[in-house]
């Protein structure tokens, strides 16, 4: 499945616990290069594939949804023509994000263009969300993740935990889980943590134990470690506000519905700490009982980790700068309300330090395609969702749901359970957590409010669920694609 957060790769990760590769002889390489006869024909190159354009069937389905809503379904009396037309465009955009007739950024741009061409939204309103603080905070978080991978700091932290706790398979799993939780608040992409740090470590450890991907031997060690890390990653993402991009988006959408959470980083952590920490501690143990590895002891893992740390050498200057910068950023995120520094400004300060001190250069930022892609389609979704709220569509939908719930005589606690379960299970239809948030978070939050559920409880519970359903299926999130792509797990095992 396509992922909105492609995995970041590091040159340190190709063979994590293997000896360093031998350098090529530059003189030999030069001799080979210059000995080629000038009259030899140039090597044949494969021509680039022709442009594919939109996939026909997903395109037709996505467009048809919008046209049916706009022209065949009667406009409710409470809704204006402009609001209904934007609602149809929004549904068509969301359908396209699910079916992917084009990459998500391209399809979102088409939806934005349609809203302007049809006169539904003026240009300045349609592009207004591109200056949204939360969206830029998400973009900068990708650059922080790039810094963790580029410096090798994420590798070093995880390898230390393997060295300290890796004598048994269960201890190895706890070491990887705890290192994930430690890195999470400063590396705000679950997919980047999976692909840039943990999958290479797990693969190297598994291969050294004779546990190979795509083979029955995967159950010796690799399947358990991947499944444990995959399930635990959703808990670490729910533990910290800055551990995943969709957390910030959820709070922004809640704010548009009038739910303001003071000191959000601290409030988020206080509410999430007990269930998330308990889940982090229990997940490796539960899987050890119900999805047990064939190898129970890994006595060689600490020695392998120690050897890898020796090869990595002492902590580099760039790693120390990365540690200091992220400690500063997290401190400002925690104390931002007291100091009067918004979260996005704290992130900008951190990124500026990384650029000034040479940990990152501007080419690193420009080459981070996933960040700019996220800027494009997040801004479109947030902008449309905000205008749907302003034009009354969300209040109309929530009113309809509230009447249905009242007809069933459901109390707000029961309605809370029903709506939360529905929001969670609907994710079987999505391959992206952020796509799910953009499509349904505002609507479900409005339904909660109409049913009488306290606003902060509803907003936070939906946001936590957004993290938890990331491990629901093998296609449910970006990290799911990374963990299952290693072939230690098969879709039917979840």
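Yeah, the Cβs are placed from backbone N, Cα and C, and that goes for glycine too.
Listed in TrEMBL for this protein:
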type	residues	note
COMPBIAS	8-20	compositional bias 'Low complexity'
REGION	1-20	region 'Disordered'
TRANSMEM	56-73	transmembrane segment
TRANSMEM	85-110	transmembrane segment
TRANSMEM	130-149	transmembrane segment
TRANSMEM	271-291	transmembrane segment
TRANSMEM	320-336	transmembrane segment
TRANSMEM	343-362	transmembrane segment
TRANSMEM	374-398	transmembrane segment
TRANSMEM	410-431	transmembrane segment
TRANSMEM	443-464	transmembrane segment
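Per-stretch counts of Cβ pairs under 8 Å to the transmembrane segment (271-291) identify 443-464 as the leading one among 130-149, 320-336, 443-464. Away from its own ends, the transmembrane segment (374-398) comes close to residues 4-5, 76, 78-80, 82-84, 86-87, 89-90, 93, 97, 104-105, 107-109, 111-112, 115, 121, 125-130, 132, 134-136, 138-139, 142, 245, 249, 252-253, 256-257, 434, 438-439, 442-443, 446-447, 449-450 of its chain (Cβ-Cβ under 8 Å, at least six residues beyond either end).
For the transmembrane segment (320-336), the partner stretch with the most Cβ pairs below 8 Å, chosen from 85-110, 343-362, 410-431, 443-464, is 343-362. By number of Cβ pairs under 8 Å, the transmembrane segment (343-362) is matched best by 130-149 from the list 56-73, 85-110, 130-149, 443-464. The stretch from 56-73, 130-149, 443-464 that makes the most Cβ contacts under 8 Å with the transmembrane segment (85-110) is 56-73.
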